[in-house]
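What follows is a single structure, written as structure tokens, with notes after it.
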Amino acid sequence: MSGEDDSKLEVSEEQIKEAEVCKETANKYFKEQNFDEAVKWYSKAIELNPNVAVYYANRSFANLRQEAFGYALSDASKAILLDKSYVKGYYRRAAAHMSLGKFKLALRDFETVTKARPNDSDAKKKFLECTKIVRKLAFEKAIAVDKKNVADTIDLAGMAIEDDYFGPKLVDDKVTLDFMKKLMDCYKNQGKLHRKYAYKILLDVEQLFMKQPSMVEVHIPDDKKFTICGDIHGQFYDLMNIFTLNGLPSPDNPYLFNGDFVDRGSFSVECIFTLFGFKLLYPDHFFMSRGNHESVTMNQMYGFEGEVKSKYTEQMAHLFTEVYNWLPLCHCLNNRVLVMHGGLFSRDGVKLDELREIERNKQPPEDGLMCELLWSDPQPQDGRAPSKRGVGVQFGPDVTHRFEIVLYILFNLTLTF
């Protein structure tokens, strides 16, 4: 690695001191996990003194924690440009590449870090983890032609229910309300659903999702309420609190959970089986959309895959991937409201038929309608901009307005602008 970038801007001593104060303020916010404020103060430090690699690397880290992977990648690259010997810049860039599923690029940067710091155990661990993923992907690509669905390899009949299992049990292989209540009580008491019932739920819900279109149309009677919930992210007790405050799902109390059910929290398995159970119990009154965290890359990075392997098996982790591939991508409520985890599109004129016809049985691509439904974000200013996440697009109020007009023309609705 050669040294620092020669093309640095002139900065006064006063600016240098002020920038350091801003950095320390940002570090304080980061320690408090207030990453939005941390980013703001690192940005102020950069405005005062744009020549310091540390500022960019720190802001990259804060952006990573907010899943702004595109911004994180840009900041890490800038840090390296300023100082090619700054090891943390390579570490941050590797983490951003990993989050974006660019494992070969991540591997190069992790290799740089391990060569510079051969005794860094964390860097070595990340390097080995990334190496395994790259090799695994290469192997899976090589055998893709002969690859079988995991669902076809599950032998439920061969799974015995042990005499000492006293947890919830399916009745005639069906989910009932009594089963769901016992399941939630079991989880509240740190219990575990038997693997046979867990596999059965996954196999049944996969068949149910396979029959649904990519855009599900939902009719809500005028005298009924309809609850839409955002990210759960493995927070089981938050999920229970929602049901306590708003009532359990039922035909008279329908729900739509709008993606990102897992990762980050320690109880992702409990959350997803609770949600899948209610989907099987009330298929026409309980709805689920795919989020960007219902994907292999995110599950590897943010904990769900490891949690499933710990609580059940690697085979079940692969089965979850198959099930997630069949989750619907969006819901249209009463021909009036379009609900998706991400947002709108990189082009105008997208028709609902295009959403219905998306071939979704795959991992999210890096661009296109499916990607944007999972990853795009609104922005306050008009127009479109590259996504801070590195995938999808940011879209302004004018883009939303034009899309609403398309819906109005399609359905002759009365919309308030």
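Cβ coordinates are placed from backbone N, Cα and C, and glycine is handled just like the others.
TrEMBL annotations:
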type: REPEAT; residues: 19-52; note: repeat 'TPR'
type: REPEAT; residues: 87-120; note: repeat 'TPR'
type: DOMAIN; residues: 193-417; note: domain 'Serine/threonine specific protein phosphatases'
type: ACT_SITE; residues: His293; note: active site, proton donor/acceptor
Beyond the flanks of the repeat 'TPR' (87-120) by at least 6 residues, Cβ under 8 Å: 1, 53-54, 56-57, 60-61, 64, 67, 69-70, 72-73, 75-77, 79-80, 126-127, 130-131, 133-134, 137, 297-298, 301, 366, 390-391
Residues satisfying Cβ distance under 8 Å from His293 (active site, proton donor/acceptor), sequence separation of at least 6: Asp231, His233, Gly259, Asp260, Phe261, Val262, Asp263, Asn299, Tyr302, Phe304
Tally of DSSP helical, extended and coil residues in the repeat 'TPR' (87-120): 27 helix, 0 strand, 7 coil
